[in-house]
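S.K.: The structure under discussion is supplied below as structure tokens; questions concerning it will follow.
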Amino acid sequence: MQLSEKRNAVNFLGAYILSAFGYEFIFFVMTIYVYEVSQSALKVGIFGALTYFPRLFAAFYGVIVDQHSRSKGFAGVAVIIGLFMIGMSLISDIILIYFVWLLISIFLILIANVRTALMTEIMTKDQYLQGNSFVLMSLNAAKVLAPVLAGAAMVTMGGKTLFYLTGFIYFLAALFCSNIRTAHSGPEKTAGKTMADIKESLHYMKGNFDLKFLTVVGVLWRLFVGLQVALYVVYIKAYLAGTDADYGIFMTVIGVGSILGSMIGPWLVKRASYSAVIFWGMPLHYVSFIFLGLLHNFYTALFVAFLSYTVFYATLVGLHSLRDKATPVAMRGRVYGSVTAVLAPPAIFSMLAGGYLANLFGVEKVFIGAGMSALVSFYLLYLVKGRFASVPSHFTG
């Protein structure tokens, strides 16, 4: 690897880690805040759905990513998010906080899209496994550290200081990203070109079986267990009668398992087919939700969650690497954006329905039902997958 390539990789990873940590940091704090204020699983579900709502328009963000410098876009969006975070410290009305968070979420989805596209631009095709593994490890390292540091900061510095700190983190991410130099330069943007690009990405997704199959897997995952993001705080604090610290420990253990899974993912994919890794990994993750709903012990739940996310992120390395292989470099921004947009409606529905049902029947019953539904739907998908393949793929031979 040449010196310029090493500098690009270092700057990208620095920007990625900082932006990921900034998101996990503030999302953890606000999730606790919303639940403590409302004491309602539905209100937490609404907050989670609000976070995912901008993903409905992710295909448009993807076109923007493909038509402009990805490194400059990353830096610019990071600065905007940092400014919004600082502005959040001046707001006390919960409705206004939700509105500003919605605006922030729009830019968070844009930055998530540009990060993925930029990673594939910086790294060569034979580095996708290692690249996705390292990126997922970095992302989950943020998930490990954020709950611990956010909890400590809430006690020592107070809530408003966290917004200033998050803003500084995003400004620092922008500084790293501004030092990335790539050859990508997108075409001039026009309204007609934007719609044509989105149609092209959807047509490509429809025609590529691997990408189409992975998208359906993602839709089912979001539909049945997308509620986990909003309901873990309810599960720990209401069902297991835990504290804020217990919730922080639970999310930290999930992060540690995710890092371990990201580390073993490349090793696993090299020794088994993509199809085998996905066939066994996703169901094991789904089964863990059934176990969580049956358990009554906090430490046993920690162990199950750790194993679940180790398996899930090992599988996710394979999923992401296969997605990268199946998508041309020039189309990645709009294709990834289109996939994100397709996955958004089931995720939003899952969070709203999950919160509503948890209020009625209990979060543990929702977890059991979600795990069973996801498991059955996944194997039904595998039974019919061959009927929709017109060409050989990683899943059909």
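Backbone N, Cα and C atoms are what each Cβ position is placed from, and that goes for glycine too.
Note: TrEMBL annotation is automatic and uncurated.
If you look up TrEMBL, you'll see 8-389 marked as domain 'Major facilitator superfamily (MFS) profile'. TrEMBL lists 12-35, 41-61, 73-91, 97-114, 134-155, 161-180, 213-235, 247-269, 276-295, 301-322, 334-354, 366-384 with the feature transmembrane segment.
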S.K.: Three or more CB pairs closer than 8 Å, sequence separation of 6 or more: does that hold for the transmembrane segment (134-155) against the transmembrane segment (161-180)?
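M.R.: Since 3 or more Cβ pairs under 8 Å link them, the transmembrane segment (134-155) and the transmembrane segment (161-180) do come into contact.
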S.K.: Please figure out which one of 41-61, 97-114, 301-322, 334-354 racks up the most CB pairs under 8 Å against the transmembrane segment (276-295).
M.R.: 301-322
S.K.: With the transmembrane segment (334-354) as the reference, which stretch in 41-61, 97-114, 247-269, 301-322 has the largest tally of C-beta pairs below 8 Å?
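M.R.: Out of the listed stretches, 41-61 contacts the transmembrane segment (334-354) most.
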S.K.: Who are the chain neighbours of the transmembrane segment (213-235) in space, where the CB to CB distance is under 8 Å and they lie at least 6 residues beyond its ends?
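M.R.: That would be 31-32, 35, 41, 44-45, 47-49, 51-52, 205, 247, 250-251, 278, 282, 285-286, 289, 292, 301, 319, 322-323, 326, 339, 342-343, 346-347, 349-351, 353-355, 358, 363-364, 366-367, 370-371, 373-374, 377-378, 381, 385, 393, 395.
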S.K.: Which residues of the same chain, at least 6 past either end of the transmembrane segment (73-91), have a Cβ under 8 Å from a Cβ in it?
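M.R.: Answer is 15, 19, 22, 26, 64-65, 97, 100-101, 103-104, 107-108, 110-111, 114-115, 118, 160, 163-164, 166-171, 173-175, 177-178, 180.
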